[in-house]
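A.B. asks: According to TrEMBL, the active site, charge relay system annotation covers LYS119, SER194. Taken from TrEMBL, the feature active site, acyl-ester intermediate covers SER218. Annotated substrate binding site per TrEMBL: LEU168, SER194, VAL215, GLY216, GLY217, SER218, in sequence order. Marked as domain 'Amidase' by TrEMBL: 73-540.
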Amino acid sequence: LLLRWRRRRALWRKVAEAQERQERSLVRMEAAARRFREQHPSVSMVSILSLPLPELSKKLRDGSLPPDHVFYAYVGKALQIATETNCITEFLQESETQLRKTKLMEKQGLLYGVPVSIKDSIDCQGHDSTLGFIKNLNKPAAEDSVVVQVLKRQGAIPFVKTNVPQSLISYDCKNLIFGQTRNPLLYTRTPGGSSGGEGALVGGGGSILGIGTDVGGSLRFPAAFCGICAIKPTGNRLSKRGIMSGVVGQKAVAAAVGPLAKDVESLALCLRALLTEDMFSLDSSVPPLPFNEEVYSSTKPLRIGYYETDFFTMPSPAMRRAVRETKQLLEEAGHTLVPFELTNVDYVIFNYCVRGMFADGGNSFVKKFKGEMEKGGMGLFFWLAKTPHWLKTLLSWISKPFVRSISFYLSQRLWDSTSTPLTTSTFSPQDFCHQFTAQWKKLNLDVMLCPMLGPALGIGYPAKLSVAVSYTMLYNALDFPAGVVPVTLATDEDEEQLKGYKGYYQDWWDRTLVKAFRGSVGMPVAVQCVALPWQEELCLRFMKEVETL
């Protein structure tokens, strides 16, 4: 007991030191922003912050807007949003040095002088990538990740790192080190996760461009919950070298790196800047596919598949309305909308996603938490990984009438590393992907319009509602590019209709989900826009059409 007490005290000391560093970072930001304001009292910070990224970057490149004016405008705004939402974990102090170097650059990249926020799990030289784990504190990265290197070569200035949930396997944003991040639109709501710090900072206007990752919706949840745009590219379209993973080694659910911003044109500008020779030379595993301007700027009418539900997680009234209204606007604009029928989503989520991510019975994932003081809402996962199979079978039979998902978890041996490999199962992931793509091709579709979970859930609910990732994780399993665009706000009528929400299974999960949706009037609701693999430009073109309409 004494040894345990001493070890816990040492861990708390590390946490306290990290929190002090976080506080010092905010103090430095405040001092830097105040010093600039005192030296340049005539600079209009509000007018700078109101510029969309394409216009801002143009003014920076043509010299009509000095980089230091933009940088300190965003340092000041980021500090304000961090104070309100707890989204920033660290100010990258070397960004001020880089700002001075940027002014001397002979070749001005597409993101010249643009301040960019970076998710905690993306390596920045000299800074920790903690993933919310105490054991990862005081282990600064030896070099920048490839994405950060390319951003810098394009003239961008990474200036802060942002908060994440412990392990990244969550769509909330809380860890023992830095605490809970709140939604900038309503503090009682989660900002989403795992790129939750990015969602809060960009959504609150404290960053004009953020870089995050997505392994089940980790870019799309924060964007949808905070009322901004994001795109999850095909898994290998952007380099993942130098990016920490929540579940190391798994390949069943494709992770991806992508941007978050206020509008679609900003996402397109970011991908233009990243999909260059710099990226392809620094990481030869990334296919040399530069941004296809012709596809993005096309005005050809689209043939669009759509669905309102995946028949697994019943959509909220606002989700269903968002798809219907967007469909109608697209049809009125001359596009063709075709119903698409989803099948086997429950099977895919449990057998491919859950079982694929934890194919070793969850052993390597559980080991990540060894020595930690908190398990970040992952209690069910730990229990499943450690419980003997005979007990899981018994509990599956008992729980079936009450919580169908837990029953399925237990009965299908998803956590047994000795069970049948995915590749030899009767219905393999490749079979599902081929079946899905065949239906897509049969309907001659260009893109797909899909629901996106929303509006934002109350803080703490994502830990109880892991099944609600079904709308997003599907496209990680398929490895299709998918973006989100906010299209409406939750209304009083949506709230009223929630009284009749029962769910497809009418179990504990469905009853909890309806509670999580309540009290969201005025919160943004988004739709997902999906394209076939490697067609990010077409996905963005569709997102732009939805945004415009």
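Each residue's number is its place along the chain shown, starting with 1.
Every residue gets a Cβ built from N, Cα and C, even glycine.
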A.B. asks: Other residues with Cβ within 8 Å of the Cβ centroid of LEU168, SER194, VAL215, GLY216, GLY217, SER218 at the substrate site?
C.D. replies: ILE169, SER170, TYR171, GLY193, SER195, THR213, ASP214, LEU219, PHE221, GLY246, ALA255
A.B. asks: Spatially, which candidate from the recorded positions LYS119, LEU168, SER194 is nearest to SER218 (active site, acyl-ester intermediate), comparing Cα atoms?
C.D. replies: SER194
A.B. asks: What whole-number value in Å do you get for the largest C-alpha pair distance within LEU168, SER194, VAL215, GLY216, GLY217, SER218, the residues recorded as binding substrate?
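C.D. replies: 11 Å is the greatest Cα spacing among the residues binding substrate.
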A.B. asks: Near the Cβ of SER218 (active site, acyl-ester intermediate), how many other Cβ atoms are there if near means within 10 Å?
C.D. replies: 34
A.B. asks: I need the CA-to-CA distance for LEU168 (substrate binding site) versus LYS119 (active site, charge relay system), whole Å please.
C.D. replies: 11
